[in-house]
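S.K.: Sending over a structure as structure tokens; questions will come in a sec.
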Amino acid sequence: MTLKENDPPTHQGAVSLPLLCRLSPNANSCPNMASQYYQDMQESFKNNNKSREFPAHTAKVHSVAWSCDGRRLASGSFDKTASVFVLEKDRLVKENNYRGHGDSVDQLCWHPTNPDLFVTASGDKTIRIWDVRTTKCIATVNTKGENINICWSPDGQTIAVGNKDDVVTFIDAKTHRSKAEEQFKFEVNEISWNNDNDMFFLTNGNGCINILSYPELKPIQSINAHPSNCICIKFDPTGKYFATGSADALVSLWDVEELVCVRCFSRLDWPVRTLSFSHDGKMLASASEDHFIDIAEVETGEKLWEVQCDSPTFTVAWHPKRPLLAYACDDKEGKYDNNREAGTVKLFGLPNDS
């Protein structure tokens, strides 16, 4: 189970295992050597740095994700529901609210190639698959524990779900039956297939990345990635890199082929909760309890932009085709005047005059 939200930060002063990455000359390239891409994106964000918020839920939003075609954004919340919005020009228009779970919706994801299907993982010991064309739940799959993370395999055939007891269950996406189940002896945080669908990755509470062969689920390697809890993992769309975020407040970037750390990003002060690569794989957004989202250029580690937030951010997702970032914060109604959670989703990258 993942680090608790109010755990104190491990300050940057702590020496991290990927130290070579932090000290690499690439980590802080000289600004006057900035790439053309860096300059172009800086110019783009100068004209498109507006964020708008859209009412989504009656409680905290845990997860946001885009459909593969970028037409829809889904959000999952502590209020036990999922919401789906349609992206129209520069705004999100609420399409439907999906009810049925008996507990918090902790994570959700879309089918990798079918833009009409998404799946939700809940603390009610079920996952549910939803179809936006009928707005109905097309399958409810019972699992053994309270689910906290979920991912869909790149080939669309399998859904993996992890629970608070560190069990990962692999579910056939067509028959909705369990194909395999693995009990791990360590704290499992986030899970993901690689883009080639032949390896399965887990981040764990000991700061390691565990890699299994797929579908055999035989251990291939365990990488000591961070000195403390390794929380989140994301693969870039090009398949060249994956990134991990840790309680040591560092994001490390890894070469998929070599399985070596090539770079670290160290601008956050709090445990890194969430990561997302842009559609071209050239930008990486990372967020935490710091009141900003860091947007880095992947190839240099250079800070491209900073999205200001009023409160901690626990989920970010780049649009699959455009430089638009969806995110959700731990906002309260009336700016901390009371305890009611705002339950909004936000969109950054909108034109300043919109």
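Count begins at 1; order follows the chain as displayed.
Each residue, glycine too, has its Cβ placed from N, Cα and C.
Quick paste of what TrEMBL says about this protein:
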type   : residues : note
REPEAT : 54-95    : repeat 'WD'
REPEAT : 98-140   : repeat 'WD'
REPEAT : 223-257  : repeat 'WD'
S.K.: Can you break down the repeat 'WD' (98-140) into helix, strand and coil residue counts using DSSP?
M.R.: 0 helix, 24 strand, 19 coil
S.K.: Grab the same-chain neighbours of the repeat 'WD' (54-95) for me: Cβ-Cβ under 8 Å, and only residues 6 or more beyond its ends, written as numbers and ranges.
M.R.: 101-116, 118, 120, 122, 124, 130, 132, 314-322, 324, 326-328, 330, 341, 343-347, 350-351, 354
S.K.: Over the repeat 'WD' (54-95), what is the model's mean pLDDT?
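M.R.: The average pLDDT of the model in the repeat 'WD' (54-95) works out to 97.
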